[in-house]
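**Student:** Mind having a look at this structure? Questions to follow.
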Amino acid sequence: MKKRRLQLEIEGIVQGVGFRPFIYRLARENNLNGWVLNTSGGVLVEVEGNQKTLEMFIRQIDEESPPLAQITTIKSREVSVREDSSFVIKDSRKTYYTQVQLPPDIAICNDCLHDIMDPTNRRYRYPFTSCVNCGPRFKIIKSLPYDRPRTTMKKFKMCPECNTEYNNPLDRRFHAQPNACPLCGPQLWLKKMSGEKCLTRDPIGLTIDLLKKGNIIAIKGIGGFHLMCDATESDVIANLRTRKRRPDKPLALMMNKLTTVRKYCNVGSMEEEILTGIRRPIVLLDKKGEKLPRNIAPGIRYYGVMLPYTPLHYLLFDKGIEVLIATSGNVSGNPLEYQNGGVFENLKGIADYVLGHNREIYVPVDDSVVRVVGGKKRVIRRARGYVPQPLMVGGLDNGLALGGDQKNTFCFARNKYAFISQYLGDLGNIDNYNNFKLMIDHFKELYKIKPDFVVHDLHPDYQTTYYASFYGDKIGVQHHHAHIASCMAENNIDEKVIGLAFDGTGLGNDGNIWGGEFLICDFKDFKRGGHLNYMKMPGGDMAIKEPWRLAVSYLNRLRYDKADIINLLRIDEVEADIILKMLNKGFNCPETSSMGRLFDTVAALIGLRKRITYQAQAALELESIADNNTEEIYHVSIEEKGQKYVVNTDPMMGGIISDHKKGVKRSIISSKFHNTVIAFTLEMCRLIRHKYGINSVALSGGVFQNKLLLEMLCAGLKEQNFKVYSQAKIPCNDSGLSLGQLAIASNRRKD
Amino acid sequence: MNTISLAHGNGGKMMEDLIDNLFLKYLNNDIINKKDDASPVPEIKGVPVISTDTFVVDPIFFPGGNIGKLSICGTVNDLAVTGAIPLYLTVGFILEEGLPIKHLEKIIISMAEVSREANVKIVAGDTKVVERGKGDKIFINTTGVGMIGDKLKLSDENIKLGDKVIINGSIAEHGLAILMERNQMDFSTSIKSDCCTLSDLIVTLLSETNGIKFMRDPTRGGMATVLNEIATRYNVGIEIEEEKVPLGDEIKSLCKILGLDPLYLANEGKVLIIADREKSEKIVDIMRRHPYGRNSSIIGTIVDNNDQQVYLKTRIGGKRIITKLMHDMLPRIC
Ligand SMILES: [Fe+3]
Ligand SMILES: [Mg+2]
Ligand SMILES: [Zn+2]
Ligand SMILES: [Zn+2]
């Protein structure tokens, strides 16, 4: 049979996942000669042999590829036969075009876990153990192709033994870039905040002892520092909260194993799978009673829990520790600390000790957060373990969408893929903003992209809009349109939908603050089919931080007098007086149709929460107290004003106030309120379907993080034969905006 | 007759009476008393500096001042911050028919007072009356001439990293006083506009120190706006420390409840100074000896920032960006 030689260009997630050794083994098994190498475009293979074997080889590449690999295309072309005598792995080649997809950072695999737990293994208790199937990737990579010299592992020269593993195509550590051992790899140290090193041969053991004594320790993970402390002592937690200036916001927990998680939380099978999977996000799980200190997650129904994901984490759960607080290493609102240089300065007064090491983190990445709602895994914060994995979305142009200013992500596209950055936080903070700029540059460099245009929100005072002002070609996209487009893009639909955009704050085209929107839209355009009635926000942003102002606003609108208002809300008379004057004079009282504010208003009206200390706190607490056993609803009316349907929530608010005055339990009021929101939303959808003949409904906006609302609304819509789309892979909150922005801008440019 | 009528502006007897009995009665000096169409002034030795501004503030009377006082302070301060000694002013009035004459008198009296204090002469004037509804009570234009002398010069060194930002006292007073008055937010407060002339303070400062590189009066748009202008113009970043910014307790609590950011509220008696780090302590010492500088403070530092941004280091250690506001404050947070 005639010998042929094929050149295969393989694209997808094919670097840092053990792909070349896999090809190597496969070629040897099939007795094919040639070579394989990493390029910035993916992997290039040349093999020669007879037709049949070659076909089999290609089929096997596709079917048997390593667990972390994701092949998107295999292009093959015939080249002339060279008569190679063996199959070899060649050095990487740099090219100027790249389609390569990087793997995210992955939790330690079982094989490596065995290694570190086995006293006879040379990596026994070595916290930087990894292999080709696990360990850090995204956050240590400086440029592509993914090779050791281009990672933060460059400075560690492998010892002979590690080197042998690294060069043996049949070893699990063949070309595993972070490969290291206690002899040659990164080393751990424990230091006091003064920078003084603790003299110990076992920094981990000492750390455990210190944790048990109630210390707060900054521990370097793979994406940054965590602040860890004993999660069973409420005093220690209170201390951490004071130091971190985070009075109420739930703190994430790290638990040693699944059985421990089951002890404190209700864990479904899907949740179990996510907890133990390779990505290891924080999973929001309903509490099973309140066996842990109340100040871990006060006022809400769930805990955020993750299992250990690095060797170091596993080693911390020695000597009987089962649950640790593992919150991000920063002062609330500032970026995650990830460098040895900054930690002693910036976490001074917060941490008591630092457990760190000399492996540099190049890209800071937060823990991801997911929640299972309606039988689907919903990503709420997309970062470690997910980024930079792209999403298949058609029709996107070569632009850069900058997202919103809060929970920021940015997004760019290449061919059929949308690449979305990790969660970058609130860009109103200069350090976060600088990190945002740095990450854009990093991605541009990594993927060799030169965007043709940028896309930004219409809010004139967003930092993202400011960033866009330095670009020539820019496109502004309305906030809620972007939310819905994000949902459409994620679900790969391109048709007219009824878009329910329920969120906190976004600037509308009429200059008001929107957020309870029923849009008629496609990728190109939108029109407001309906919305919640406007209400005044006395003091603008302050009304968001202090929902009692919204309650005053509503009571004033319903003509309650000052004495009644003070009495009902138990507020300070002077403050009430000023707020009422502001309302009556229209002084600094922007109008909003926001659904988030509606939740806030109700929470304040029934005395659940007057002031918040973290975003959406009032709404979360309102959701948490809801008692699912009532089917009652409040009255609302829907009015047709011009071309739009407007939900008049006044009668509902009246009902809530009178229930509250009568002493109806808050849990019942909350539940009735949720029922009402669902009822009027369904009614609005029916009206709009009737008027416009659209049957598909897309749901997006941060309010849909409310599990009760999302589950009941989806069920209700399906019952009425609507086709329902919601977000799962991409957060429904403002982290999802960038994808929607890019989809809209790309479509507009096609005219 | 006790209100302004169209006849007051027609060049006849009534107008002459108004000029003699009101304007010249209070604003007299050797030059303007000649009532010529144009006024020769003595030779100016040094670099002449000219500035003009028109004042349309609503309300025309407010705690701590009125439109007249403001019209003098505004132009005098604009001259002073360039390092010039203010010398002469011209004043143009546009009066709306129906303006009570006693209001006008009150306005002119305070113009006279404050120009005496600032040691400037009003050397030319003009008055027009417009029909009711075609103006709003009173508009005033002032144009000022000053001189940059030999000794009083700003440092010509460039603004560089580490330079300090200094302000001469509590911010947001004027802006808040005006907003409260305009919107009839009439609850008992002692908030007053800081409206005053800064020329004496600045002259003292320039004659007794060096190292001042830049000065600007943070009027419309407040401190935040001026700082952003500086950042853009000199391609630097600016860090402001919240704790150091002088802010009255009452202003602070009112701004909080009203949802206003004091950094964006106007001042009419404040000067922002960028000075050499080494000299800044001394500058503040000298400023504190002056009645208009008692609460002077070093509030920030020029830092490296390639996006020319200004940020506030908050009490709790956050670093909030102080944007150039494109609109009024629109809610931004979720
Ligand atoms: Fe939003
Ligand atoms: Mg001016
Ligand atoms: Zn492994
Ligand atoms: Zn080694």
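Glycine residues also receive a Cβ, built from the backbone N, Cα and C atoms like all the rest.
From TrEMBL, here are the annotated features:
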type	residues	note
ACT_SITE	A:R20	active site
ACT_SITE	A:N38	active site
DOMAIN	A:5-91	domain 'Acylphosphatase-like'
DOMAIN	A:201-385	domain 'YrdC-like'
**Student:** Expressed to the nearest Å, what is the distance separating A:N38 (active site) and A:R20 (active site) at their Cα atoms?
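**Tutor:** Cα to Cα, A:N38 (active site) and A:R20 (active site) are separated by 8 Å.
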**Student:** Can you count helix, strand and coil residues in the domain 'Acylphosphatase-like' (A:5-91) using DSSP?
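**Tutor:** Going through the domain 'Acylphosphatase-like' (A:5-91) residue by residue, I get 25 helix, 38 strand, 24 coil.
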**Student:** Which residues, sitting 6 or more apart from A:R20 (active site) on the same chain, put a CB under 8 Å from its CB?
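**Tutor:** Long-range Cβ contacts: A:V36, A:L37, A:N38, A:V43, A:I89, A:P169, A:F174, A:H175.
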**Student:** Quick one: give me the count of other CB atoms within 10 A of the CB of A:N38 (active site).
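**Tutor:** Other Cβ atoms within 10 Å of A:N38 (active site): 25.
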**Student:** Per-residue pLDDT averaged over the domain 'YrdC-like' (A:201-385) comes to what?
**Tutor:** 95
